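Taken from TrEMBL, the feature ATP binding site covers Gly68, Ala69, Ser70, Asp74, Ile100, Gly178, Asp183. Sequence annotations record features per position, and here TrEMBL assigns domain 'tRNA(Ile)-lysidine/2-thiocytidine synthase N-terminal' to 65-246. The annotation domain 'Cytoplasmic tRNA 2-thiolation protein 1 C-terminal' is assigned in TrEMBL to 295-325.
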Amino acid sequence: MEKEGDAKPKNTAPRLCCVCNHRRPALKRPKTLDQICRECFYEVFEEEIHQVIVENQLFKPGERVAIGASGGKDSTVLAYVLSKLNRQHQYGLDLFLLSIDEGITGYRDDSLETVKRNEIQYGLPLKVVSYKDLYGWTMDEIVKIIGLKNNCTFCGVFRRQALDRGAAMLKVDKVATGHNADDIAETVLLNILRGDIARLSRCTAITTGEDGPIPRCKPFKFHLLQIPNCILTYAYFKRLDYFSTECIYSPNAYRGFAREFIKDLERIRPRAILDIIKSGEDFRISTTTKMPEQGTCERCGYISSQKWCKACVLLEGLNRGLPKLGIGRSRGLNIERKKDVKENNLTESIESKQCGTLDF
């Protein structure tokens, strides 16, 4: 018989997953405090991506789709999940891996080895295009003459065009990238800080470049799933083969400071990431704001709002021994070309996803 004052035995039954109510939980949703097991997490994560694809009509049956593959966690998870969903839901897509070799020793050469293993693991054909083949320069060579201050400008411009050129070689209909909610929130913030109205008006779109050569889509736009770092968690739990080293040439990239600020916000309030994206979506551009007109580069035919595209301007400087052409004031060119450069505002710095690009 239980005596007065005796402690009651505690309920030692283990907590169970809030979804299946069968397995032990492996992680917790910070907003609801619901606990979920690994298997249910996989299903919920994959179903969310599937719903994003279906609701936004990202793909059509029979399309050829290139997955931008860097070897990092985002692109690796995208390749794995998109390949799985393509089989499971019969999207009818022809999938390819497309990688850009910037020519960075000790960074890109290592990450490309990861991508080559992914090619075998996921059974997806791989296409690698290099700066050296396309432009005659590697980033290692560029950094030797430009230094670390403006190198991200070259890399971002060249990578964006290289991705389009690689996609054209594969004759794909779309390019899917691993840009996630954090990336888009950073981009919104950077565009606000720089007053870049032209890019602010389109940077939150889940599909961009529909008026360009090959559209790009971002299936991970809403990746939060009420679980911070859920892409990393998925890659870790699934034991996917990915590369996690940051670029050796971007320790002080402008985007890095915005990234740290976003991470601080996310730790305090995870919902802040999606709120920033929502704010970017709701911005309205004044009808009096003059937007740049889209055209083609007179030199290479690539899409450009100026007479020469940014890549051609930067290459002109490199090949003439004027590496700061397109970054600062041009020197050593004829007066007419100086006038064109000034009129076309070719001094704007454009940086990469890793190092500060403001458009996807």
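Backbone N, Cα and C atoms are what each Cβ position is placed from, and that goes for glycine too.
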* **Under 8 Å by Cβ from Ile100 (ATP binding site), same chain, sequence gap 6 or more** => Gly68, Ser70, Val128, Val129, Ser130, Tyr131, Arg159, Ala162, Leu163, Gly166
* Asked: When you measure from the Cβ of Gly178 (ATP binding site), how many other Cβ atoms are you left with inside 10 Å?
  -> 24
* To do: Determine how many residues of the domain 'Cytoplasmic tRNA 2-thiolation protein 1 C-terminal' (295-325) DSSP places in helix, in strand and in coil.
  => 10 helix, 5 strand, 16 coil
* To do: Let me know the largest Cα to Cα distance in Å among the ATP-binding residues Gly68, Ala69, Ser70, Asp74, Ile100, Gly178, Asp183, as an integer.
  => 19
* **Per-residue pLDDT averaged over the domain 'Cytoplasmic tRNA 2-thiolation protein 1 C-terminal' (295-325), given as an integer** => 87
* Asked: Taking the Cβ of Ala69 (ATP binding site) as reference, which residues of that chain separated by at least 6 in sequence fall under 8 Å from it?
  -> Ser75, Thr76, Ala79, Leu97, Leu98, Ser99, Val115, Asn118, Leu126
